[in-house]
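Just below is one structure, and these are the notes that go with it.
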Amino acid sequence: MVTVLVNGACGRMGRAVLKAVQEAEDLQLVGAVDITGGADCGELAGLKANGVKVETDLQAALDRMKPEVMIDFTRPDVVFHNVTTALKAKVSPVVGTTGLSDEQKAEIKKLAEENDTPAFIAPNFAIGAVLMMVMAKQAAKYMPEVEIIELHHDNKLDAPSGTAVQTAAMIAEVRAEHKQGHPDEKEKLTGARGADYEGMHIHSVRLPGYVAHQEVIFGGLGQTLTIRHDSLNRESFMPGVVLAAQKVRGLKGLTVGLDKLLEF
Ligand SMILES: NC(=O)C1=CN([C@@H]2O[C@H](COP(=O)(O)OP(=O)(O)OC[C@H]3O[C@@H](n4cnc5c(N)ncnc54)[C@H](OP(=O)(O)O)[C@@H]3O)[C@@H](O)[C@H]2O)C=CC1
Ligand SMILES: O=C(O)C1=N[C@H](C(=O)O)C[C@H](O)C1
């Protein structure tokens with residue numbers, strides 16, 4: 001049994017994670033934390049009558065419950081603090097929250113090593129999204145001209161999405177140096193061509209109705225190739241979250257990406 005505390009328990013992802021952890025045979029939910037806390041939140045989060053209450057103080061909950069794993073789905077501006085708090089308490093973070101910078105990831109790696117406590121971060125826990133990224137990396141070797149369109153619900157705080165940035169980073173590993181578009185191209189409205197990641201354009205759409213979606217569009221001579229993934233609900237992420245919580249204690253240092261836990 002791996003003991004688990006869920007941070008961000010009252011959020012959209014947190015509630016789905018609470019349910020998934022309670023249903024997973026080899027995981028044991030021992031704690032739940034959310035800044036909003038309160039009895040209503042616990043009810044909303046669908047906690048079974050197993051003695052777990054939603055608390056508001058992460059440090060106190062970690063000290064008392066001593067879980068092996070903390071699953072974090074909170075906010076981009078607080079996740080780094082949560083992860084460092086967990087690592088200093090020798091609790092392995094499994095992180096879905098997006099927005100960590102490269103410098104913060106380097107600091108997390110160092111802390112994980114110093115505390116001999118493995119850490120895991122995945123910008124996307126949906127298997128289909130992982131396959132989209134892996135396949136996009138393959139395609140980019142042959143079709144280096146590529147743009148990314150990500151589409152999310154309008155409550156999302158960060159843009160571009162963590163998935164889009166990770167996709168671009170994976171493509172950049174294999175893509176030949178490439179200048180895309182016309183050299184005389186000019187934006188008539190700022191932002192029209194989207195964000196620029198090493199010459200790849202990323203476009204972020206935010207609308208009610210969406211959950212999490214992404215298209216990676218490759219262009220070549222007389223042809224295009226589109227790789228698209230759609231998360232239609234938050235359950236799509238749960239098998240990946242459960243797998244990471246089961247495996248993280250067997251890893252070393254910092255591991256980034258669910259692809260590292262799968263065989264290709
Ligand atoms: N890796 C993946 O596969 C996925 C990643 N995500 C990412 O997960 C994150 C959360 O997404 P989502 O669930 O939709 O967001 P929500 O806003 O629905 O949930 C976040 C929850 O965390 C709470 N919270 C805020 N600050 C703290 C804190 N310091 N300590 C504890 N709890 C806190 C929020 O409370 P309050 O509302 O009061 O601020 C809220 O209840 C985002 O970064 C998102 O991009 C989402 C889906 C999949
Ligand atoms: O905020 C979300 O909802 C999601 N965030 C992650 C991201 O930024 O890529 C993963 C998924 O796209 C859902």
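Quick reminder: no glycine exception, Cβ is built from N, Cα and C everywhere.
A TrEMBL annotation is a machine prediction, not a hand-curated record.
Feature annotations, reproduced from TrEMBL:
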- HIS152: active site, proton donor/acceptor (ACT_SITE)
- LYS156: active site, proton donor (ACT_SITE)
- GLY8, ALA9, CYS10, GLY11, ARG12, MET13, GLY96, THR97, THR98, ALA122, PRO123, ASN124, PHE125: NAD(+) binding site (BINDING)
- LYS48: NADP(+) binding site (BINDING)
- HIS153, GLY162, THR163: (S)-2,3,4,5-tetrahydrodipicolinate binding site (BINDING)
- 3-125: domain 'Dihydrodipicolinate reductase N-terminal' (DOMAIN)
- 128-262: domain 'Dihydrodipicolinate reductase C-terminal' (DOMAIN)
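A map of TrEMBL features onto the structure.
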residue: GLY96; record: NAD(+) binding site; contacts (Cβ under 8 Å, 6+ apart): MET13, ILE71, ASP72, PHE73, ALA122, PHE125, PHE237, VAL241
residue: THR98; record: NAD(+) binding site; contacts (Cβ under 8 Å, 6+ apart): PRO76, PRO123, ASP158, SER161, GLY162, THR163
residue: HIS152; record: active site, proton donor/acceptor; contacts (Cβ under 8 Å, 6+ apart): SER161, SER204, VAL205, ARG206, TYR210, VAL211, ALA212, HIS213
residue: HIS153; record: (S)-2,3,4,5-tetrahydrodipicolinate binding site; contacts (Cβ under 8 Å, 6+ apart): ARG206, LEU207, PRO208, GLY209, TYR210, VAL211, ALA212
residue: LYS156; record: active site, proton donor; contacts (Cβ under 8 Å, 6+ apart): ARG206
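Neighbouring residues of the recorded (S)-2,3,4,5-tetrahydrodipicolinate site, listed in sequence order and excluding HIS153, GLY162, THR163, comprise THR98, PRO123, ASN124, GLU150, HIS152, LYS156, ASP158, SER161, ALA164, ALA212, GLN214 (Cβ within 8 Å of the Cβ centroid). Only THR98 of the binding-site residues listed as THR98, HIS153, THR163 bring a Cβ under 6 Å of any atom of ligand 1; the order follows the sequence. Close to ligand 2, meaning a Cβ under 6 Å from one of its atoms, are these of the binding-site residues ARG12, PHE125, THR163: THR163. Within 10 Å of the Cβ of PHE125 (NAD(+) binding site) there are 24 other Cβ atoms, across all protein chains. LYS156 (active site, proton donor) falls within neither a helix nor a strand when secondary structure is assigned with DSSP, and so counts as coil. Using a 10 Å Cβ-Cβ cutoff, THR163 ((S)-2,3,4,5-tetrahydrodipicolinate binding site) registers 25 neighbours.
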